[in-house]
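Each remark here refers to the structure printed beneath this line.
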Amino acid sequence: MTDPIMSNETIIRRSANYRPPIWDFDFVQSLKSEFVGELNIKRIDKLKEDVKMMLNKTMAPSDQFELIDTLQRLGLAYHFGDEIKRIVKSIYNSHRNDNTWMKEDLHTIALQFRLLRQHGYNISQEIFDIFRDELGNFKECLHEDIEGMLSLYEASYLLEEGENILEVAREFAASCLKKYIQVNKDQLLSMIVSHSLEVPLHWRMPRLETRWFIDIYEKKQGMNPLLLELAKLDFNNVQATYHEDLKYVTSWWRNTGLGEKLSFARDRLMENFLWTVGVNFPPQFGYFRRISTKVNSLITVIDDIYDVYGTLDELQLFTNAVERWDVNAMDQLPEYMKLCFLALHNSINEMAYDALREQGFHIIPYLKKAWADLCKSYLVEAKWYYIGYTPTLQEYMDNAWISISAPVILVHAYFLEGSPITNEALKSLKEYPDIIQWSSMILRFADDLGTSSDELKRGDNPKSIQCYIYETGVSELKAREHIQYLIGETWKKINKEREYIDSPFSKIFIEVATNLARMAQCMYQHGDGHGIEDGETKDHVLSLLVKPIPM
């Protein structure tokens, strides 16, 4: 029997040949964790109190920062935000008043530099001058200090524009670390170094890094069993909250009928939820993850309507309907678009109602504008496709940082992350502040590096790599290197935004925007992790959302 929503006898439609989802409704609804219940919560609370005592104990600043770094990498820092904030502020203020800490070793100074910058303190790159010779080069004797080299390498990724000392530090440390793993004197340390060289800590998706680091920490000499037990219990407890989030969003998705009726589109609910875990993992942000998953799923379907299925006339009608944000605009839409538009309209209006009820702000104008801007950017790319136009890289990026959908994701995230809504932030939000633009750029570049080959094979528009090749005549390898360079340059701008100077946005929102960039590099590191489910993405889903850590 032919589906009336999908049938069309006169129009030839393209197909991306996306595979059906590997995580079905029944599988998600069956997810169950044994790491829930009063006994687990009591044990976690007891261990948390023990850690608070450790944090409040008098110890050297270097030991305090080692503990904070371990807590962050084990995914536990969110429990101790006030204590960590107090310690970091105290150490920063003491550093401003004396230079005794400059007598520390390279590892300690680099670790403190990284953590202070991570927490928004603009500590000078010149603290590394004591490790440089009169010509400005890092001293050759540092080659033997692998732990110091690793810390220096990780610290260098928090650089901002114009910080040449950190550029030189990165090259020096990377060269040393690459030589070390060839010798492989210490298997565990070599594994940690290789992991860092593949993707630096500052660019990694936090929750996936936590899962990896828990296994590493267990093998480390001097490991604290208390911290390890808490990390495992907490990871499994948080995973159990994800199960409840997933059951909610899979029921919502099934009720929309979009996965069933619009078979040309990617049905990727589990992957869309994984994005939200990458962006904001703590358990208390369940509402954030649930609504963000709806947003991500709607974006995925609408993207496929513009990229694959819709005709140019239909796409113009859909764009107009979203701009009007009026259910009466549905009358002119074909049947398959009516279903999508109504799901979009109802889901976003429901979120706006929650914001009006809870905070007294009418946010539909901001949400509507973000969706309209997205659809208009999709329409630009559709027109380019139909006339066979290849833009310059700059012309492409002027549109593509919006069409990658990060502005829509982050505008919604602002209203979901729980901080008070302010008029100053709303004014900035309308024009898409720098933190949104820079996060969007990295998502676009990472997506293009991971997906452009597959998309070109099925006849899609040229992406940033192809635009740069067309414009300059360089090889694909050189073009990819250029896009990687642009990712690095954009990270410098994000790092500047993370100083929170005169920002109308909360630290939570800026962290969410940063994490979106991190999640992009995770999802597209080995290809199209969003469209193709059965590679690295499947492993990520299993390790973060399905399989608990053995105790």
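Every residue gets a Cβ built from N, Cα and C, even glycine.
Database features (Swiss-Prot):
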type	residues	note
BINDING	D303, D307	Mg(2+) 1 binding site
BINDING	D303, D307	Mg(2+) 2 binding site
BINDING	E455	Mg(2+) 3 binding site
MOTIF	303-307	motif 'DDXXD motif'
Most isolated by CB count within 10 A, of the binding-site residues D303, D307, is D303
How many of the residues that make up the motif 'DDXXD motif' (303-307) does DSSP mark as helix, as strand and as coil?
5 helix, 0 strand, 0 coil
Per-residue pLDDT averaged over the motif 'DDXXD motif' (303-307), given as an integer
95
